[in-house]
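Heads up: the structure comes next, in structure tokens.
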Amino acid sequence: MVEDKKTDDYTIEMDKMDQGSKNFEAAAPPPQPRTPPAGSISNNPILPVLAYCGSSILMTVMNKYVLSGLDFNLNFFLLCVQSIVCIVAIQTCKSCGLITYRDFSADEARKWFPITLLLIGMIYTGSKALQFLSIPVYTIFKNLTIILIAYGEVLWFGGSVTGLTLFSFGLMVLSSIIAAWADIKHAVESTGDATAKVSTLNAGYIWMLVNCLCTSSYVLGMRKRIKLTNFKDFDTLAMFYNNLLSIPVLIVLTGLMEDWSSANITRNFPPADRNNIIFAMILSGLSSVFISYTSAWCVRVTSSTTYSMVGALNKLPIALSGLIFFDAPVTFPSVSAIVVGFVSGIVYAVAKIKQNAKPKTGVLPMSNPPVSASSQSMRDSLRS
């Protein structure tokens, strides 16, 4: 499944639930495995970094391509297709012995179902926000979720925020203000119906606000729910249950709340672009799996510190992809917003690294040393 993510930005203390994790790592090797040569391609740190960045850009661009259709309104159906593709992909990987995780358990599914509902809310509102906003603005505003999660940790888990982290939050808010101002300024000054364009942007900002609230609720709720499910292979199991449990819910929602008349289907899937749209929907589902694998690969062959910095730096190419592949306005204010948002991500990553180097006392749980590759990857499958 998509989202948003989210990322890179949500380092959660998993109470060491990731110990013994097998997610997106090769199945247990036979005794006395051979150590790969130092020059092995799979151990080249450049490749996983590029693959991780490419996967993130691919998922965002594919989602925007589908959602930017003239009248696309089958968002629940899009999310359902992505969930089905993700389940097929990870089950195929399990059958081939590439990954391992526990079989389905009704008791675990029952405990995890509330989190799945929060995830559906998160990815649906994220898809609506991305539908109305440009990729650069969407990427910039997504940073605000970090602030909500941080202070949620302060309120409910007894954490604290350092001065450098607080400074990065200020930059995130500033970049969002600049981005909104640049968008509205461009809409007013451009040709056409300025009122309609501003109205569209306002709808996007509202969906983005709701998405930030849903995302923070999902991440904070997931932190508490992990203790109930006792997931050891957390990352793959969370992805498995999230997608599997969401499929019937999304089928019901798309059947009841979306227009399945032949006219609307033709409007959403015009004959000239139908195959491309279907391909993009499938590829966007696969890309969430790619992100999970490549982020785990990145941590395995580099370090958690490198991974944190890559996550921060990755925001720039994602934002730029909106300028390259879509008609996002290229103005001085919009570029300034991207730069400030990019700097805020770097400052936040540096703040996390500094906190990880200090004793754990007085530090937010989300700022403790990053968890294993498997738990790291879950955050990235949430970005959209």
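Each Cβ is built from the backbone N, Cα and C atoms, and glycine gets one as well.
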With the domain names in Swiss-Prot as our guide, do Leu130 and Phe157 land on the same side of the membrane?
-> no
What residue among Asn143, Asn264 has an entry for N-linked glycosylation site in Swiss-Prot?
-> Asn264
The transmembrane segment (70-90) and the transmembrane segment (135-151) contact flag, 3+ Cβ pairs under 8 angstroms | no
Just jot down the residues in the same chain as Asn264 (N-linked glycosylation site), at least 6 apart in sequence, with C-beta under 8 A of its C-beta; none if empty.
-> Asn73, Leu74
Maximum Cβ pairs under 8 Å to the transmembrane segment (277-297) - stretch from the list 41-61, 161-182, 330-350 | 41-61
Report the DSSP secondary-structure composition of the topological domain 'Lumenal' (183-200) as helix, strand and coil residue counts.
-> 14 helix, 0 strand, 4 coil
Among 41-61, 135-151, 161-182, point out the range having the most Cβ pairs under 8 angstroms from the transmembrane segment (330-350).
-> 161-182
Decide whether the stretches the transmembrane segment (135-151) and the transmembrane segment (161-182) have at least 3 CB pairs under 8 angstroms, with pairs required to be 6 or more apart in sequence.
-> yes
